[in-house]
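Okay, structure first, notes after.
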Amino acid sequence: MCGIFAYTGSSGKDASKILLDGLVSLEYRGYDSAGIFTPESGSVKTPGAVAELKKKVPKKFNGKSGIAHLRWATHGEPTEVNAHPHSDGSGELWIVHNGIIENFKELKDKLTKKGHTFRSSTDTEVLAHLVEEYLKTEKNFEKAALAALNDVRGTYGIALQYKGEPDKIIAARMGSPIVLGLGDGEHFIASDPSPILPHTKKVVFLEDGDVAIITPDGHTIQKLDSSSVKRETTEIDWSAEEVQKGGYQHFMLKEIMEGPEVIENTLRGRLIAQTGMAKLGGLEAVAEELSQIERIIIVACGSAHIAGLIGEYMIEEFAGIPVEVEHASEFRYRSPVLNQRTALIAISQSGETLDTLEAVREGKRRGALTLGIVNAVGSTIARETDAGVYNHAGPEVSVASTKALISELVALTLLTIFLGRQRGMSEKTAQEIALALKELPNKVQHILGSSKEIEKLATKYASMRDFIFIGRKYNYPVAFEGALKLKEISYIHAEGYGAGEMKHGPIAMIDENFPTFAIVPKDSVYEKNVSNIHEIKARKGPVIALATEGDNEIAKLADDVIYVPQTLEMLSPILNVVPLQLFAYYFAREKGLNPDRPRNLAKSVTVE
Ligand code: G6P
């Protein structure tokens, strides 16, 4: 879950500046500690993020090539000594690493017996020493790196540099993403394309087991058994500006505000309103197989899992296919029963979440058709699934997912129409959904227009230490999302609960200091929800209601109300998550916390 960036060039550009600037766009991947190495100037490391590193790097620090790293600690505290890059005993070999080397203790013991001493408690340093050990016998940097990688078990994305051949950097990938940037007289290695984009739009995504060598003039790729392979070059059309904040104080707010545009982008060219059809190019090749499936399993983590829970309600109601939704980290370790009539759908913004990826691989092994609902184009999950739907939400930088969740819900609605129409959903029903989808961008815009009131509300409740979010049916998972957002960025206790389950436990906690956020749209379960609010008010619990415009009755019951426009019941989560995201954002800001940098969390979780 760390960020890696490496550069080698021949035109005399200052590698340290390129590396430090590039690290900034990788900060969402980790920010416990940071470090840089160039063969000319050596290494600088620090706890903290890039700003700390920049302060520490001396003016005269330069080089024509180098490697840099942002860490999200797994093995060892986020201290200077544990920060990357790590070196071998001689200080000739330097490495940055994302992932976990599982057999590092075993390797460390062997190396210690051979006389190696270690400075840090990281698994990464062991790899540097292992390459050093092989260099003694192989007398060749590339061969030594390959031999060492063949001894390693676990996950890695690495960049490795050797002072003896300063122009050359070796990258390798096993489970943690690595992308190469192909420039003119300069080449790059990174965990994702964002730090590469200001320099070149041409990239190559490595596959697991690939080892690449970059020099200023080119790149080669081989497998761990040293057979050479060719990988396609991709042109990335996300501009570097797109990953910047665009005038907002935080990425999170910028990304919430992008909601209307995101819905348009996910829908673009995919809805044929006249005939009530969803045109999903990425599913065409498997359309026939999809018409035969008898069961769907959705696997995902975090907010993507919550999108899946809402998808379950949609697909079961409108396409009549049984759906189960599982946390990827659970699914992959049990013995699920799947067959060729099962479709496994992985939902992932980054397309790199390791548990989700492994769940896809498990699904494949068990014979399921695998599909991805993924935002990051060319990511591992997108490549490894049999077919899929891209969200087209654009880059999401803020750690807490906002706009990606909205795009996942829109993609799931399109999928529901696609599957439903294969199974007898009427043209009229599909047209109704299509029409309602098209109205969503304006409705989200309208909600965003009331952000000032939501900000006031967040200020009013900011001293509260506990929150419960309740909802039913389509908005039951929305309650989880409201609580998750608050937990992630405000570090307070928040729970999502089914409104009907309140009386089976949680209601015991309610008093005047325990507010409830009740998601209570005018839908088929409205009356039931209102009864639950009465029960909470009877116990003196403050209630914020998230209700449908025009529902004046609710204002008499709840302490505060946020109104959202009416839409179809199945689409109401897409509107309801927006005020909850805004509430969490303003709540965190009011507490003086940086919502883009929640402690202990990372954007892309590529560890298990
Ligand atoms: C992390 C992020 C969450 C995200 C989850 C799944 O925990 O902090 O915001 O929902 O990973 O990520 P994915 O990229 O697979 O959607």
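We count from 1, first residue shown onward.
Note that Cβ sites are derived from N, Cα and C of the backbone, with glycine treated the same way.
Within 10 Å of the C-beta of CYS2 (active site, nucleophile) we count 29 further C-beta atoms, all protein chains included. Mapped onto three states, the DSSP output places CYS2 (active site, nucleophile) in coil. Look at TrEMBL and you will find CYS2 tagged as active site, nucleophile.
Taken from TrEMBL, the feature active site, for Fru-6P isomerization activity applies to LYS603.
Positions annotated as domain 'Glutamine amidotransferase type-2' by TrEMBL: 2-217.
The domain 'SIS' feature in TrEMBL is assigned to 286-425 (among others). Counted with DSSP, the domain 'SIS' (286-425) comes out as 66 helix, 28 strand, 46 coil.
The annotation domain 'SIS' is assigned in TrEMBL to 457-598 (among others).
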For the domain 'SIS' (457-598), residues assigned helix / strand / coil by DSSP:
74 helix, 28 strand, 40 coil
Sorry to bug you, but what's the C-alpha spacing from CYS2 (active site, nucleophile) to LYS603 (active site, for Fru-6P isomerization activity), rounded to the closest Å?
10
Please give me the CB contact count at 10 A for LYS603 (active site, for Fru-6P isomerization activity), counting all chains in the structure.
26
Helix, strand or coil for LYS603 (active site, for Fru-6P isomerization activity)? Use DSSP.
coil
